[in-house]
Amino acid sequence: MGGSAVQVINASEEHTFVLNEDALSEVLMRDEVKDRFVCVVSVAGAFRKGKSFLLDFFLRYMYSKYVHHDATDWLGGESDPLEGFSWRGGSERDTTGILMWSDIFLHDYPNGDKIAIILLDTQGAFDSQSTVRDCATVFALSTMLSSVQIYNLSQNIQEDDLQHLQLFTEYGRLALADTGKKPFQRLQFLVRDWSFPYEAEYGALGGDKILKRRLEVSDKQHPELQSLRRHISSCFTEVACFLMPHPGLNVATNPKFDGRLQDITPEFKSSLRSLVPMLLAPDNLVYKEISGQRVRARDLIQYFQSYMNIYKGNELPEPKSMLVATAEANHLTAVAAAKELYGQLMEEVCGGTRPYLSTAHLQTEHLRVKDKALFQFAAKRKMGGEEFTEKFRKQLEDDLEEVFTNYQAHNESKNIFKAARTPAVYFACAVIMYILSGIFGLVGLYTFANFCNLVMGVALLTLALWAYIRYSGELSDFGGKLDDFATLLWEKFMRPIYHGCMEKGIHHVATHATEMAVGGGAASYRSQTSVNASNGKVKRS
């Protein structure tokens, strides 16, 4: 065996994946390979479940069949150690990223078709160092790039296995353009260590029996379970299953086990003799197709690059664990309920049928209602812990402030004085200019008088245009600019003058009233003194 495993996609400690383009091109751009159609066989699944171990038996068959052209006894000698993709016993992961076997196996069909067979090994899912995104990315990439995706499972096809498959394949489907066709080709469930041969025999027939049971859709099922099964069927053009026995205690418990057939049970070896040709014999190879078109080896490089660019960017949503997804949905429900309560209470305060409120009063009511909404959010029982909840609480506060901004604008629209400000400003400008024009005309300053007449005309035309926009609903953007300009005139010029005049007027009235009060008091005092004096004279007489 002269080939080796080539790391074509590297996994970094920062939970990112990098394409090794040079290594990929070196394998696929060989003269004898690049123009051939490809069959890509990939094995994916949970870590430490024997994926690389299985692939090395695939390699034995490939070298026997396609290199030495003699597959009579392809399993090899009983004492030959297993070589190929790196594997070992134990509980820690061994493979990271995606590996490709450097030897590409070639086959020419009698009809002239030429095919290149590629084997991929993938990083195991659900180890202690991989995030959900890591697992989803590796599984999705291998599914998108392969024509046969082997889903390696332990002991049974369980509901959580199907849920993970749904998540990972949907993550892959999001990255592909929707062509209206099923996005992936063959999915091969491979159930390892099957312990119930009395229910379903080892091999493809027993696997089909179990697969039919697991993927069956019935009216008695919950809609969520029905949807999951329909999703899997909609993603793959072909779905099959194969049941394999346990390879034996010597394989599982011997730390020095190196893959020798003498340590493996006869049942396992018999299953290998059925499984491997079923997938890799010339008549059973599946051409890699994308959008119904067969893919050549040189084109596969472009697909590697395109798919990696998608997963390196931010175009796809972040896949989440079931706990995080449930907790997020739980919090979003609580946020929606709190926002609904805020909206109901604010409608009672300043809704469409309520009168205008002062800014201070509206702000007070907003704070009161906001506290009620936040209290309801806090009172809801939620998953995820305090830190998770705090993120959504802050988001809720921001959302409520944004909603309050809309209520403020709606409330201001009810202010009849503010609504009348624009026409009042332009009319006042016209009146002032008319008066100034008359004054300038009387003193002979006709240039200034004409200018005032011009400004008066512009103000009246603007007023007429504003009225047309207001009641016709057309040119609303320009109408908003007229309102803004009127507000500017009021705030910068007319309001200061108005306030100055009001202050002077109030000061004058207050001064006059004080003088009147003081003058009236003195007169009253003098009158009272005079009366008292008169009374005294009367008494003395």
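Every residue gets a Cβ built from N, Cα and C, even glycine.
These figures come from a predicted structure and were not determined experimentally.
As given in Swiss-Prot:
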- Arg48, Lys49, Gly50, Lys51, Ser52, Arg192, Asp193, Val251: GDP binding site (BINDING)
- 35-284: domain 'GB1/RHD3-type G' (DOMAIN)
- Thr514: phosphothreonine (MOD_RES)
- 322-413: region '3HB (three-helix bundle) domain' (REGION)
- 425-445: transmembrane segment (TRANSMEM)
- 449-469: transmembrane segment (TRANSMEM)
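Neighbour counts were taken as the number of other C-beta atoms within 10 angstroms of each residue's C-beta; across the binding-site residues Lys51, Arg192, Val251, the minimum falls on Val251. Same-chain residues lying 6+ beyond the ends of the transmembrane segment (449-469) with a Cβ under 8 Å from its Cβ atoms: 422-423, 426-427, 429-430, 433-434, 436-438, 440-441, 475-476, 478-479, 482-483. All chains included, 21 other C-beta atoms sit within 10 angstroms of the C-beta of Ser52 (GDP binding site). DSSP classifies Asp193 (GDP binding site) as coil under the three-state reduction. Remark: secondary structure over the region '3HB (three-helix bundle) domain' (322-413) totals 77 helix, 0 strand, 15 coil, with classes taken from DSSP. Over the region '3HB (three-helix bundle) domain' (322-413), the average per-residue pLDDT in this prediction is 86.
Cβ neighbour count for Gly50 (GDP binding site): 21 (other Cβ atoms within 10 Å of its Cβ, all protein chains included).
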